[in-house]
Amino acid sequence: MKPPMDLDSLLTQTPAKDNAALERVLAAARGELALRRPVRRWRTQAVGLMAASAGLGLLAAVVLLAVGAVTGPLLLARAPLLAMLVGTSAVCAWGALSPKGRWMRRLGVGLAVVSAAALVLARGAPHSPPSFPGWVCTVSHLAIGVVPLVVALFALRGAFFQPLRAVVAGLSVGSTGALLGELACEQDWRHVLSHHLLAWVVITVVLVVISKSLKPRSYAP
């Protein structure tokens, strides 16, 4: 019968080395280093996400103005809200990709909440009956967010998954549809709440879910 093991002596023992496992780890590390993948700076990726989200929304504004779908006076009247959405998108994009942007992520969430409330409160009674069903706005907002969604997912793979980081990236992406809604839709606050903001929430949730399921290229903070 074996004598009972002394816990103190067991804890002080040096664990046996598994040379085979160590060699496999070293081989995998050397293989990763041999790939020499180009490293993109997070600032460059943040600017790219800003361009893909807020930039795409502003491009839509220029196109709508050029084809006569939006008038100059309407654009000027909505300018404060548009500026707020662009600022929210920029702060969220920067905070999502900054390694030390925790405070900026919280600021981005706060700005998104304020912007959403402003979009609802700024809407008055519609000047004309709706010419299309409300779900058209939701679908169009989701559609215009596809490109910035892909850009955000690619950028987020450069670091390990963090829920708040993914949320603010989704809020940046969702602001694109919100910009479009302020330009192309004249319906009341109920419509904004139930269709415009719904699309913003949906695209944020989709980005968080997909980002969590993707394997990161790096485990940097």
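Even glycines carry a Cβ here, placed using N, Cα and C.
Per Swiss-Prot, the features are as follows:
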TRANSMEM  56-76  transmembrane segment
TRANSMEM  79-99  transmembrane segment
TRANSMEM  107-127  transmembrane segment
TRANSMEM  136-156  transmembrane segment
TRANSMEM  166-186  transmembrane segment
TRANSMEM  191-211  transmembrane segment
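Counting C-beta pairs under 8 angstroms (sequence separation of 6 or more), the transmembrane segment (191-211) fails to reach the transmembrane segment (56-76), with fewer than 3 such pairs. Comparison of 107-127, 136-156, 166-186 by number of C-beta pairs under 8 angstroms to the transmembrane segment (56-76) places 166-186 first. For the transmembrane segment (136-156), same-chain residues at least 6 beyond its ends with a Cβ under 8 Å from one of its own Cβ atoms are 42, 45-46, 48-49, 52-53, 56-57, 60, 93, 96-97, 165-166, 169-170, 172-174, 176-178, 180-181, 184-185, 187, 191, 195-196, 198-200, 202-203, 206-207, 210-211, 214, 216.
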